[in-house]
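As recorded in Swiss-Prot:
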- 12, 96, 198: [4Fe-4S] cluster binding site (BINDING)
- 41, 74, 124, 168, 226, 227, 228, 270: (2E)-4-hydroxy-3-methylbut-2-enyl diphosphate binding site (BINDING)
- 41, 74, 124, 226, 227, 228, 270: dimethylallyl diphosphate binding site (BINDING)
- 41, 74, 124, 226, 227, 228, 270: isopentenyl diphosphate binding site (BINDING)
- 126: active site, proton donor (ACT_SITE)
């Protein structure tokens, strides 16, 4: 059985930065460090940080006075920021800069009194944070839609003064259909100059399409609460290729590969490469050949760290 590895796969720049912020905060300030929500949606990563002394909480009222808190990569609402400020908490913001870009768009629409539609999944932390950037005091409102059916049911106050933004980890194809529905329903709607779906989401979806087209089975390494990982599994399944979302090699079932000549492996943007390599090792134990990397789009984006957590340059003499 051939093993093919998607490229790119796994960690994106925003996830790398968020995890590094927690690790460096632990190095500099010591445990405990409080993190609002899972810093990224991956069980292996979260458990590793918890072992080092990170304490994951749902809300700020679980954070003691005077403690240090980190906001997750998914971002937080203005209300959460204001609560942290009011309590005098020391904050490091691990919000992905590409999520922050969407936040800035929403705040601009809010200031201008333009109504805004967010395309996203209800209940996802990124969606809650983005919705929470909109201040309706200027007379506008923000609405959430997930699919074309939601668009058909949507009633807005001012169709002539309307814009849309999107969650960064959506299915590219699904989102395009929702945007088409929005444009048909609200012909004057404005959109971002550049798509809000992030480069890593796009690249990983392109790569899994290639896997699904050439493999009999696809494995997606990622946790069940990871939006972008779920989209990868769904995309492979839509191409009529059996696909499984797994947290690690221990979840692999040998009967998935009955009659399969090839298996493709990819990983969501919050899944570390060590898990991919463990999956490959398990597949080889089940008779898989040495893995082959599929050519893909190179990624070299790096996001900067907060100043207090940057490693000082070594003096050259």
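Every residue gets a Cβ built from N, Cα and C, even glycine.
Cβ atoms within 8 Å of the centroid of the Cβ atoms of 12, 96, 198 (the [4Fe-4S] cluster site) belong to the same-chain residues 13, 14, 15, 73, 97, 98, 99, 168, 169, 199, 200, 201, 269, site residues excluded.
The local packing around residue 226 ((2E)-4-hydroxy-3-methylbut-2-enyl diphosphate binding site), expressed as other Cβ atoms within 10 Å of its Cβ over all shown chains, amounts to 26. Residue 74 ((2E)-4-hydroxy-3-methylbut-2-enyl diphosphate binding site) and the residue listed as 'active site, proton donor' are 5 Å apart (CA-CA, integer value). Using CA atoms as reference points, the binding-site residues 12, 96, 198 were checked against residue 270 ((2E)-4-hydroxy-3-methylbut-2-enyl diphosphate binding site), and the closest is 12.
The Cβ of residue 227 ((2E)-4-hydroxy-3-methylbut-2-enyl diphosphate binding site) has 24 neighbouring Cβ atoms from other residues within 10 Å, across all protein chains displayed. Taken residue by residue with DSSP, residue 227 ((2E)-4-hydroxy-3-methylbut-2-enyl diphosphate binding site) is part of a helix. Comparing the binding-site residues 168, 228, 270 by how many other C-beta atoms lie within 10 angstroms of each C-beta, the top residue is 270. Spatially close to residue 12 ([4Fe-4S] cluster binding site) yet at least six residues away along the chain are 198, 199, 200, 269, 299, 301, judged by Cβ distances under 8 angstroms.
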